[in-house]
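Enquirer: As annotated in TrEMBL:
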| type | residues | note |
| --- | --- | --- |
| DOMAIN | 11-146 | domain 'EamA' |
| TRANSMEM | 12-29 | transmembrane segment |
| TRANSMEM | 41-61 | transmembrane segment |
| TRANSMEM | 73-96 | transmembrane segment |
| TRANSMEM | 102-123 | transmembrane segment |
| TRANSMEM | 132-151 | transmembrane segment |
| TRANSMEM | 163-179 | transmembrane segment |
| DOMAIN | 163-286 | domain 'EamA' |
| TRANSMEM | 191-212 | transmembrane segment |
| TRANSMEM | 218-237 | transmembrane segment |
| TRANSMEM | 249-267 | transmembrane segment |
| TRANSMEM | 273-290 | transmembrane segment |
Amino acid sequence: MKQETENKTKSLIFVLTCVLLWAFIPVVSRFGQSKLDNYQFLFWSSVLSLVVLFVSSVFAGKYRHYAEYKTVGVAKALGLGFMGSFLYYLLLYFAYAHAKGLEVLTLQYTWPIFIVIFSIIFLKEKFTTKSIVASALGFTGVLVVLTKGNIFDIYLGNMTTNMIVLLAAAVFGLFSVLSKKTNYEPFTATTLFFLSASICSFVSMLYFSSFIFPPVSALVPILINGVLINGLSYIFWLKALSFAKASFVAPFVFLTPVLAAVLVILFFHEIFLPVYLVGMGLVIIAGLASQS
């Protein structure tokens, strides 16, 4: 993406807007799935995101780049979309509907650690002291949450859901690493990602669930999720990166789980266990270390 003249103030406004929107994922996904399952919620959200992103790419003058995609390029973009825009969210929405939001939130933000691991495997990056420390801190945070603070006694109550969250984090980590190996124009690529998500969620919804129009109670969460959280937030993120270096922007992402935790407590009155604070702290520090 073309780098604009550096303006950290504008970049900060855009990235903090992203943080605010992303922090609402636990709240919006739970409200949105009160009458829908994760397949149905993901389908309707993805369709809205696809429309928003396509229209945005047209207004941004990026529509010409669609013609530059060859068959292989389209296939790769759709494959990345399957991972990062379909499978990741499908697993994540399931987890938020079936487990405590604070627990899911902590495990969700292990994806930067998976980026470190997959970068070593697929991008042949060196396994440095920094990456070792970041990975160790991240997985210690996971262990703290899974064991509720007693590392010799893994809590099995939500183990299946917790493993699903970790799988989602791994999928997003892999998606992020494989995306680095491409050179797609960001607006059109993101649109293709959500085209893939729309197709895959429609097929999986028909196979594993059923097609229904969203009830009135689910319309607002779907609109917020599809238009803002998974739609415009991508545009805001690209704008943030266009006004400042990634090294300036990236650390602000780790405000998201902190703000999201506050929202989960406010909306759902979940009990904030001290181990969540310890686990989340370790995961955030690990993420920051991996980004530095």
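Keep in mind that glycine also has a Cβ here, set from the backbone N, Cα and C atoms.
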Enquirer: Give me the DSSP three-state residue breakdown of the domain 'EamA' (11-146), ordered helix, strand, coil.
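Expert: For that range the per-state counts are 115 helix, 0 strand, 21 coil.
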Enquirer: State the non-local partners of the transmembrane segment (218-237) in its own chain: residues 6+ outside its ends, Cβ under 8 Å from one of its Cβ atoms.
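Expert: Distant Cβ neighbours of the transmembrane segment (218-237) are 14-15, 17-18, 21-22, 24-25, 28-29, 31-32, 34-36, 41, 44-49, 52-53, 56, 60, 85, 89, 187, 190, 194.
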